[in-house]
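This report concerns only the one structure given below.
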């Protein structure tokens, strides 16, 4: 075939001759990074925003927080005032969510309950975070015997049935807001400590951490600058899931009569008080607190899932 | 030579949230009976996607074969039903993946994993399938196959696992074996053994092999023909001698210069500067322009025509145009 | 294997001892004696009672006598219902609670895994969204609310199922449903995510490259690996079912251990609280142990005699 002969190289007539001049090029162009590089957090945020379910959860939680403070203020009724004439009124234009058996306004109480429930959840998450990160961070970072000893303790605590311990402590200390938070966190931090330790162990062996170690960077600085940013993902996810489980646990304690005590009310205690009301047809007393618990659980769970996906570096494309 | 596989103008795209990635952009090649065709290129050039598209194993969605055909025994593998494709996978065309540590199911014995393919394709009774599997283990050099049949993957070393993976791929006597970086994850000494095993098996079974690799050392040892891929296109192809001794494309030359060679003592390794283009929006012209030492105005403006140098050797490069020769010699 | 089991057994005993001790000292840190509340008892009666329950002895004596009774599985009499011993309550309540727990666990596991696998295989399809909506709802509704709603809808409004007591299979439907929904949702979500992860593994691609059918790939290659993480949560799941029984037994008036436990909390019946807590803890710790062993059997990579393997 002609094509194989060397002197018969194809000349494409439609290409003008003067295109065959050397290209004027600069070296930087070749070295330029072709894709815009986003920081880890920007990238994670972009991915979270794309997750509709997680964003729904986030938006609901923001609204919930606003309403927890705004709700009691815009309500025409007080949450603690008992009006025996207005017992068990169905929702109406006057009492938006109805009233309870003591004539208290459910709308106002439900948002006051939101403050308490959210406070319990957030407090538990923050305390777990503080203890868990410190404990797990030290165990993972120090390694060796320290780690071994610290993790033995964690193992024993982890073996304890969580809710039983919570019940016991509540029985002993007597129910109340402080007791609940104390009981929820006394063994609750263990899960966080395990996660942090696992992450730290993993990250510790990454080359860039080794590198800063060889440069003689101080331990505290390595933990702050290298380890924490890289372990933040799973920690944030764990915290997102601690809040609803604390709210749930409080509801469970309320059911056992060990929850928030009057005059304070939480969603759990309101729902528990209303359990018998549903059989007498006063559905709104159970419906609104139960709905808010469920929506909050739902929001935190989908947000946690979304964060888990968004913060997972493996999924980065 | 008898053609066993014919890939024509294959386009594969992946839709990601950032847009469409055109991973393979018009790849064509033939595979002949009993030969080894190596597809080389740096990571991300589309060589693995090409091989997985032949088997229709690209994750879909997001990946899909946008156009082109893969002809095997008169069938277009790009178009047949999934059910028909399953009959071909493992029986007519087999595939070996890069990492033997993860290619085997950790919770099944290797025996079960070997036998299931045979039973799937020819419905042999268990005993017969087992006998066949043992023969295969023997062929790939697993000592004491009878004993090891009941072992789990984690009880084998990396090299042994790769032998098992090869045995698994060959157990139904396929006509084509696609090996995607089969030695990359292995020690150098083990690499050589595995490559020898490929040659030996090819001699015994006359299987055609498509070898996907970035390692020119591997290519030099086993390939009959070589296709060089860059940014989703085959930029140069030819037999081993042609590619190694008369490379035409600046990219091929660059690849060869970046490999240490004992026979060219004293010469420095020359890395190829820069990185491949973004396949979200591949350039109109030659994708290598930005990294090419001989880049001309035309290279950015139009993709070069295919120039056939011999029956097997062809290259996509504007330097093949006579006018470029003039320019080059004038520049000197 | 044997060494690992021994090691785990010792750890179990330590944890149990820890719980017994914790329980004991927590109970005794409560100011005052259980007898000087509520009932106005005479001083003599009170002293009599205290001596009967060993409350007049020094703390360490009480501790050792309590430890002894725990080891001999004798939890002593109830304070509030002196005619009954804690052992009576446990032996009467346990079979009922056990039945409720096991039925719930089985229902939760089977339905959860099925839901999770289907969702994973139809990833991002309608069925996936439906299954995951059910799962998230299951996690989001407190079980006492769910139980109440079930009673209201399926027993009061439309009387299909009987409520209260534990006498026929029909009686079991609502409590089981109320109790199983949460754990089922957890299993379904976990199965789904783990299944999706497994389906991207190299060995699944290998199996596909062999030409295996999707059914074989799912059942032979994917499911077993996908279920490993599910097995690890079974222990904690059993715990949540167990604490769930407190609620469910009280709402449905099922005469199980949980009912006694909740009553003992309300009446501050310390021997009963202590006895049931220890008993529950023992069950949970044994469950965790069994789960570990099961995991070792399911995953051939875990060598049970090498502890670091996990």
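For all residues, glycine too, the Cβ spot is worked out from N, Cα and C.
In TrEMBL, annotation is done automatically, which means it is predicted and not curated.
The following features are taken from TrEMBL:
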DOMAIN    A:114-304  domain 'ABC transmembrane type-1'
REGION    A:1-22  region 'Disordered'
TRANSMEM  A:53-74  transmembrane segment
TRANSMEM  A:116-141  transmembrane segment
TRANSMEM  A:153-171  transmembrane segment
TRANSMEM  A:177-196  transmembrane segment
TRANSMEM  A:235-260  transmembrane segment
TRANSMEM  A:286-307  transmembrane segment
Tertiary contacts of the transmembrane segment (A:286-307), as residues 6+ beyond its ends and Cβ separation under 8 Å: 44, 48, 51, 53-58, 60-61, 64, 97, 106-107, 110, 113-114, 117-118, 233, 236-237, 240-241, 243-244, 247-248, 251, 267-268, 270-271, 274-275, 277-278
The transmembrane segment (A:177-196) in contact with the transmembrane segment (A:116-141), cutoff 8 A, at least 3 CB pairs, sep 6+: yes
Considering the transmembrane segment (A:153-171), which listed stretch of A:53-74, A:116-141, A:235-260 counts the most C-beta pairs under 8 Å: A:235-260
Other parts of the chain folded back onto the transmembrane segment (A:116-141), taken as Cβ under 8 Å at six or more residues beyond its ends: 64-65, 68, 147, 150-151, 154, 177, 180-181, 184-185, 188-201, 204, 219, 223, 227, 235, 238-239, 242-244, 246-247, 250, 260, 264-268, 293, 296
